[in-house]
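Input: a single structure, listed below in structure tokens.
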Amino acid sequence: MKTRQNVYELKDDTLSWYSRAVEEMKSRDINDPTSWWYQGAIHGYATYPSALTYWHDATGYPPSQQTVNSGFWNRCQHGTWYFLPWHRMYLFYFEEIVAKAIRDMGGPADWTLPYWNYCEAYNTSASPSNQQQALQIPPEFGSSQGPNADFASLWIKNRRNYVLNKNNVNPWPAMNEAEFTNSGGDISFGGGVTGFAHSGGQTGQLESLPHNVVHTDINGAMGNPDTAALDPIFWLHHANIDRLWQVWLAQAGRSNPVVNAWKDFRFKFHDANGQPVEIAVKDVETTQLLGYVYTPAFPLSSTTPARRSVPAMDVVGATSASFSVGDHMAPLDLTMVPQPARGARLLAARGGDEKRTILRISNVKGKGATSPIDLFITNRDNEEGNEENFVGCIGLFGLENASTPSVESDGSGLNFAIDISDTINKLRQRDDWDEDNIRVQLIPQSKQDSDVEINVGRVSLHSEID
């Protein structure tokens, strides 16, 4: 059984060999399934200008049309219950290809892909220095000043941030969900029920946070599905997401879907020798089935009871028109459904359990390299976003693809669902609490580039039916 290790606990030359393998794989032709470029294109490939910034560096560029149309490129699964198993398969075959390249260069026979556990920033048992270190892209991957000379191939141009925002790596909204999926498109750990979905609309909580938000925080190639896998840190990021799935599954009351529509779905890749292979979701339901485990790391399990399944809910209020997101937006008033006409209230639940309240951000369209967006909710006039009314953050990973009608997408944009029950419960303690006076605020974490456009179709607030 192989063991994938925490990158900050490595005591060997794992990253040195990784850098050498990346260099070797970059030297291979883009039409070679074992090349760095082909492996990146499995996740996503495009020829619009911002993507070509990275793709025109590929050996042998442009690829043949036969390669582009082979059915192996642009296969990443997003906004779907296949997100986690597809990326586990993707990492497995990538790791095999890298390990073979390392062996062929005379390296160790047991090389494994490390993981970057940025979630350690939430480990209250860790030292402040270790919490802060966890947020930093490992120094072997270079800095904003350029590559680390000893690991030059682990750097890529245009990364926006080398230190993540702590809010962007919070594992608990996902880890505290009890259900992997549900058929109603409501909040779940692993995503909603779909078919093949290169750009789906049923995003699970783990995909939403930390996955999407880390992508857009680092930005550059990582901020776009059509270039993300060209950044060497992509693979360590996804190893951590893969690890979190395994940690979640080991907790009481959690399980993967049992229906054949999930278990029997198959995807195509290439093995270490560049030969086509097919694998089913049921073959990757645990890491042990693929012959590897992760070293124990935070979080080892949830610290709170699993959230109850999302019950029947009703709209409490919503914005009355679409709106654009700028660098600093004033809070937006929600138009509240008159109390006699709605079946839900923002009141404490009867019988002990707290009511679940969900904030939905729907039909988000746009373009450009967006930064993560912080979300706030308040009941006070002129109250700006602050820690007390912070409810979460979203990353618009795949925004342009989701906004463009195509075979893979209906062009309706991205959708998000955030459980804001805890914040609503806190606000309810205020003397001036008024459930018919609710405002939301969306604030980008950094100044957006001039070519960024973000339009939100609707923000709506949903609560349990009384």
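Using N, Cα and C of the backbone, Cβ positions are placed for all residues, glycine too.
Summarising the annotation, Swiss-Prot assigns Cu cation A binding site to H43, H78, H87. In the three-state DSSP classification, H43 (Cu cation A binding site) falls within a helix. Its own atom aside, the Cβ of H43 (Cu cation A binding site) has 25 Cβ atoms within 10 angstroms in the protein chains shown.
The Cu cation B binding site annotation in Swiss-Prot covers H211, H215, H238 and is backed by similarity to another entry. The secondary structure of H211 (Cu cation B binding site), as reduced to three states from DSSP, is helical. Sequence-distant contacts of H211 (Cu cation B binding site), defined as residues of its own chain at least six apart whose C-beta falls under 8 angstroms from its C-beta, comprise H237, I241, G395, F397.
Listed binding-site residues: H78, H87, H215, H238; maximum Cβ neighbour count within 10 Å falls on H78. Cα separation, H43 (Cu cation A binding site) to H215 (Cu cation B binding site), rounded: 14 Å. When the alpha carbons of H87 (Cu cation A binding site) and H238 (Cu cation B binding site) are compared, the span between them is 7 angstrom. Rounded to a whole number, the C-alpha distance linking H238 (Cu cation B binding site) with H78 (Cu cation A binding site) is 13 angstrom. H215 (Cu cation B binding site) and H78 (Cu cation A binding site) are 13 Å apart (CA-CA, integer value).
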